[in-house]
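Notes to accompany the following structure.
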Amino acid sequence: MQLLDGKFVSEKLKQQIAVEAAEILEKTGRKPHLVAILIGHDGGSETYVASKIKNCEKVGFNSTLYRYESSITEEELLKKIDEINQDPETDGILVQLPLPKHISADKVTEKISPEKDVDGFHPVNLGRMQRNLPSFLPATPYGILLMLQEYGIETSGKHCVVIGRSNIVGSPMSILMARNTNPGNCTVTICHSKTPDIKKFSLDADILIVAIGKKNFVTADMVKDGAIVIDVGMNREISTETKSGYKLYGDVDFVNVAPKASWITPVPGGVGLMTIVGLLKNTLASAKKEIY
Ligand code: GUN
C-alpha cells in the first residue's frame with residue numbers, strides 16, 4: 001500500500017502557486033483576490049473557511065471574508081453577491097455551503113458570475129466542464145485529479161466507482177473521470193443512497209472514490225485487492241484527543257482497507273488539503289484570465 005499524501009502534494013503545489021502569484025504581483029501590481037462569504041456558525045464551515053483564508057495568505061493572495069448571521073435574507077445575500085460580481089478587484093467568490101434553510105443554494109450558486117465562480121458550482125461551469133471546454137472545476141474533484149496526476153496514476157480504461165452523487169463532489173467527479181482527458185477515460189459507475197447493493201459495484205472498482213458522508217462506510221470486504229481508494233469523507237466528531245476538540249473521520253475504514261489497497265488517501269491529510277489547492281488554482285486562473 002502506498003499513501004496518496006495530501007500534505008506533501010498540497011505543500012508542493014502551493015509553492016508553485018505562490019511563485020505564480022508573485023509573478024502576477026510583479027506584472028500587474030495586484031495580488032489574486034478571493035472573497036469568501038460565511039453565513040452562520042456551523043463549526044465545520046468555520047474551520048474550512050478559516051483554512052481557505054489562511055492558505056490565501058500563505059500563497060500571497062488577498063482575501064476578504066464577509067460574515068453574516070443566519071438571519072440574513074436571501075435577497076440581501078443575492079444583492080451582496082451582485083456587488084462583488086461587479087468589483088474589478090475580486091477574482092473569485094465563494095459562498096460556503098451548507099446555507100440556512102431559507103436561502104436557496106441553487107439561487108446563490110447561479111447568482112455568482114461564472115467568471116468568478118472559483119468553486120466551479122455554477123451550471124455554466126459544470127456544462128463547460130462536461131463539454132471539456134475551459135472552466136473552473138469544482139474544487140474537491142479538481143484536487144483529486146491533481147493528486148492522481150502528481151502520483152502519475154494511470155486511470156485510462158479503469159473502472160471507477162464513485163459512491164455519492166452530491167453536486168459538490170460525486171456528480172462532477174463522475175463526469176471528470178469519464179471525460180476523454182488524463183486523468184479520465186474511465187468506465188464510471190455512480191452509487192448512491194438508493195443503490196441496493198453498493199458492495200456489488202465497489203468490489204469491481206479499480207478506483208473507488210467515496211463521498212457519502214458516513215464514517216467508515218466502506219469496509220475491507222467491499223474493496224478489491226489492489227484498488228486505488230480515494231476518501232472524501234470529512235466526518236467531524238467531538239473528541240478529547242485533539243487540541244481543536246474535534247476529530248475527523250473519513251468514509252473509509254482506513255485501518256482495514258489500507259492493507260488491500262494499492263494507493264489510499266488518509267483522513268485527515270488527504271483530499272481535504274487538495275480541495276484548497278483546487279480553489280487556489282481556480283483563483284489564480286481567474287486572476288490570469290485563463291478561463292474567460
Ligand atoms: N461545503 C463543502 N465543501 C464546499 C466547497 O468546496 N465549497 C463551498 N463553497 N462550500 C463547501
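Just so it is clear, glycine is given a Cβ too, placed from its N, Cα and C backbone atoms.
Feature annotations, courtesy of TrEMBL:
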{"type": "BINDING", "residues": "GLY164, ARG165, SER166", "note": "NADP(+) binding site"}
{"type": "DOMAIN", "residues": "4-119", "note": "domain 'Tetrahydrofolate dehydrogenase/cyclohydrolase catalytic'"}
{"type": "DOMAIN", "residues": "138-290", "note": "domain 'Tetrahydrofolate dehydrogenase/cyclohydrolase NAD(P)-binding'"}
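Taken as a whole, the domain 'Tetrahydrofolate dehydrogenase/cyclohydrolase NAD(P)-binding' (138-290) shows an average pLDDT of 97 in this prediction. Secondary structure from DSSP puts ARG165 (NADP(+) binding site) in coil. Across the domain 'Tetrahydrofolate dehydrogenase/cyclohydrolase catalytic' (4-119), the DSSP tally of helix, strand and coil residues reads 63 helix, 18 strand, 35 coil. Compute the center of the Cβ atoms of GLY164, ARG165, SER166, which mark the site for NADP(+); besides them, the chain residues with Cβ within 8 Å of that center are VAL162, ILE163, ASN167, ILE168, VAL169, GLY170, SER171, ILE190, HIS192, ALA211, ILE212. Around GLY164 (NADP(+) binding site), a 10 Å sphere centred on its CB holds 24 further CB atoms from the protein chains shown. For ARG165 (NADP(+) binding site), the same-chain residues lying six or more positions away in sequence with a CB closer than 8 A to its CB are SER171, SER174, ILE190, HIS192.
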